[in-house]
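Enquirer: Structure in structure tokens, see below.
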Amino acid sequence: MISSTSVYGLKMQWTPEHAQWPEQHFDITSTTRSPAHKVEAYRGHLQRTYQYAWANDDISALTASNLLKKYAEKYSGILEGPVDRPVLSNYSDTPSGLVNGRKNESEPWQPSLNSEAVYPMNCVPDVITASKAGVSSALPPADVSASIGSSPGVASNLTEPSYSSSTCGSHTVPSLHAGLPSQEYAPGYNGSYLHSTYSSQPAPALPSPHPSPLHSSGLLQPPPPPPPPPALVPGYNGTSNLSSYSYPSASYPPQTAVGSGYSPGGAPPPPSAYLPSGIPAPTPLPPTTVPGYTYQGHGLTPIAPSALTNSSASSLKRKAFYMAGQGDMDSSYGNYSYGQQRSTQSPMYRMPDNSISNTNRGNGFDRSAETSSLAFKPTKQLMSSEQQRKFSSQSSRALTPPSYSTAKNSLGSRSSESFGKYTSPVMSEHGDEHRQLLSHPMQGPGLRAATSSNHSVDEQLKNTDTHLIDLVTNEIITQGPPVDWNDIAGLDLVKAVIKEEVLWPVLRSDAFSGLTALPRSILLFGPRGTGKTLLGRCIASQLGATFFKIAGSGLVAKWLGEAEKIIHASFLVARCRQPSVIFVSDIDMLLSSQVNEEHSPVSRMRTEFLMQLDTVLTSAEDQIVVICATSKPEEIDESLRRYFMKRLLIPLPDSTARHQIIVQLLSQHNYCLNDKEFALLVQRTEGFSGLDVAHLCQEAVVGPLHAMPATDLSAIMPSQLRPVTYQDFENAFCKIQPSISQKELDMYVEWNKMFGCSQ
């Protein structure tokens, strides 16, 4: 049996399927119901009848629009009607009142705001009486126990976004469509939806049949309509004569728990429970096609997605709006870290892999590109939050050093942080993280036993002057790019000895456990400028260690008064930043046999250095390698040579090494040299140290600048300079001479034969 009814002259048919909802809504004709319950009833009717019938094409789009306006009029009339209310609240019996209309047995909520302080709204006084006949004739009976937001055949626990529908104090939600360039939706609700066979023809805005006092008095004027956008769906040229309902904002508090009825801002109903599967959702049209319900703006910035077209646009809009209602559109990614955790279990030594470039593989010690750049970049540790709270009220000298980190201030800058920011990685909770940052951490049985001396190191740190710690950090600890064996020209014999007798026992202490003592001190002697410091940096890079560079001449000339304390602080920080490589240049200044005064500053400095060196050599816990360099090995006291287990001669570069140095230095400039000229340069640089060859190339590169006319050098472009030629090297040979005499070379050879270990 099919029944029909007429609304606004349009016929609306009802199928037997609509009879499956008997007694699902409130009895609107009841005179004992409160306005809150009647409001819920209209919302239930709107959702279960109008929307369902529209979705199943049981009623036309024009009929749906008329019903929507009719229900909105009655809904707003209930809220604005002069009905006696016990309290002025958000239309619930109590603060915990249910939005589905069920009775709540708790006591009424008594807010601080009373009804006397509210401006009365008598815009539709007779709407309740007029709505009884209209609703009863158009809609089937409903049950008051049905929960708002559910539909037949769908679980009741599926929630939908809440759509505010009252203008009297309701809170309008920003529309997703407000930012579309082709659809300028107002912040309020414009609830006109037409079928796809109709077009968007603007209709004249008719005056509201129930104007509010504010509108009638001229205090509140509706905003001018926006310009009409282009038609979305062609095919219908008729003009709608539907009225425009504009309700002003009243003084009722915002309703945050209003059930889903119709959406503010012109947003279509989201895909939810009331739409059966397989039924397409209605297509929304701009607000200017059929004037709808214009609500006062709320001042919030609406979400403005990119422009969408065709049917996929509407589905994406509904999906985005639904996700926003469910709280799935959170774009705050600042609280999440996407860094991949690195494993703490990595082999200490691996055989070389020829498939990896030299810049990344080093000499085969399994050094990754990421960690190798941090090989000897020691830094100050930022205190953890717990340690900051623990030590915030104490003085800097009483601080217990927190864990070690690897970020450092720029070299040479004075730091104001306390010395208490240093500690040994083995005693900190971030020790494993520290070892991950090292390309080849010195691991072995001694690492487990290192915790026994942590307490003594902590006590010494507490008693160390902050100025000395800052001095060591800024002046002695050196950072720079990692150095590979291929970066050092020549010295093949020295490299092989260092690898086999220094690096391998340190990296694989388990394989060399039978040795009485591991070689932890090295003496590099030879002419100046032959690469001794570069070798020290390379050893630190291969070990993944912190590189400390102490100049013996600087201790004597610049810091003689504090040299003893600086040496002590350097070894102390090195123990906190293990593994460490301490490089001491001009060691003959500290260990000279000519120092006779027992209490002189130089004597105290030498005593402190020997004491620290002896501790490193005899301790199985310290992961420290001490490398000393000198150009005057004959001046070292004979009794002190025993402290250096390996004494290696660093000779002048051979012809192959000199050719490599010249090519490397000229690769950054434009030059014009053939193979014969390169061979002549290599031959003429016999007896030159590596530093002398560098000075020669630098002087030759400046030659093209000397040939330029006397103009401003800043205005000269590199392309305007001529290439470097052999003639430039001829001119440079007139200014640069070898800095090493043959007598000195003979002395190095003789001393190496007597005390050296490289042959």
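Cβ coordinates are placed from backbone N, Cα and C, and glycine is handled just like the others.
Feature table excerpt (Swiss-Prot):
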- 89-111: region 'Disordered' (REGION)
- 196-237: region 'Disordered' (REGION)
- 221-232: compositional bias 'Pro residues' (COMPBIAS)
- 258-290: region 'Disordered' (REGION)
- 266-289: compositional bias 'Pro residues' (COMPBIAS)
- 339-457: region 'Disordered' (REGION)
- 381-418: compositional bias 'Polar residues' (COMPBIAS)
- T400: phosphothreonine (MOD_RES)
- A489, G529, T530, G531, K532, T533, L534: ATP binding site (BINDING)
Enquirer: Counting other CB atoms within 10 A of each CB, which of the binding-site residues G529, G531 comes out lowest?
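Expert: It is G529 that, of the binding-site residues G529, G531, has the fewest other Cβ atoms within 10 Å.
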Enquirer: Report the same-chain neighbours of K532 (ATP binding site): residues 6+ apart in sequence with Cβ closer than 8 Å to its Cβ, ordered by sequence.
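Expert: Looking at Cβ-Cβ distances below 8 Å from K532 (ATP binding site), excluding near sequence neighbours, one finds L524, G526, S585, A629, I650.
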Enquirer: Would you identify which of the binding-site residues A489, L534 has the most other C-beta atoms lying within 10 angstroms of its C-beta?
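Expert: That would be A489, with the most Cβ atoms nearby.
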Enquirer: Let me make sure I understand the structure: which of the binding-site residues listed (T530, T533) has the fewest other Cβ atoms within 10 A of its Cβ?
Expert: T533
Enquirer: Please report the DSSP secondary structure of A489 (ATP binding site), reduced to three states.
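Expert: Reduced to three states, the DSSP call for A489 (ATP binding site) is coil.
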Enquirer: Using only the residues recorded as binding ATP (A489, G529, T530, G531, K532, T533, L534), report the maximum Cα-Cα distance in Å, whole number please.
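Expert: Farthest-apart Cα atoms in A489, G529, T530, G531, K532, T533, L534 are separated by 13 Å.
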Enquirer: Should K532 (ATP binding site) be counted as helix, strand, or coil on the basis of DSSP?
Expert: helix
Enquirer: So which other residues, same chain and not among A489, G529, T530, G531, K532, T533, L534, have a Cβ within 8 Å of the centroid of the Cβ atoms at the ATP site?
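Expert: Near the ATP site, beyond A489, G529, T530, G531, K532, T533, L534, sit I488, L535, I650, G690, L691.
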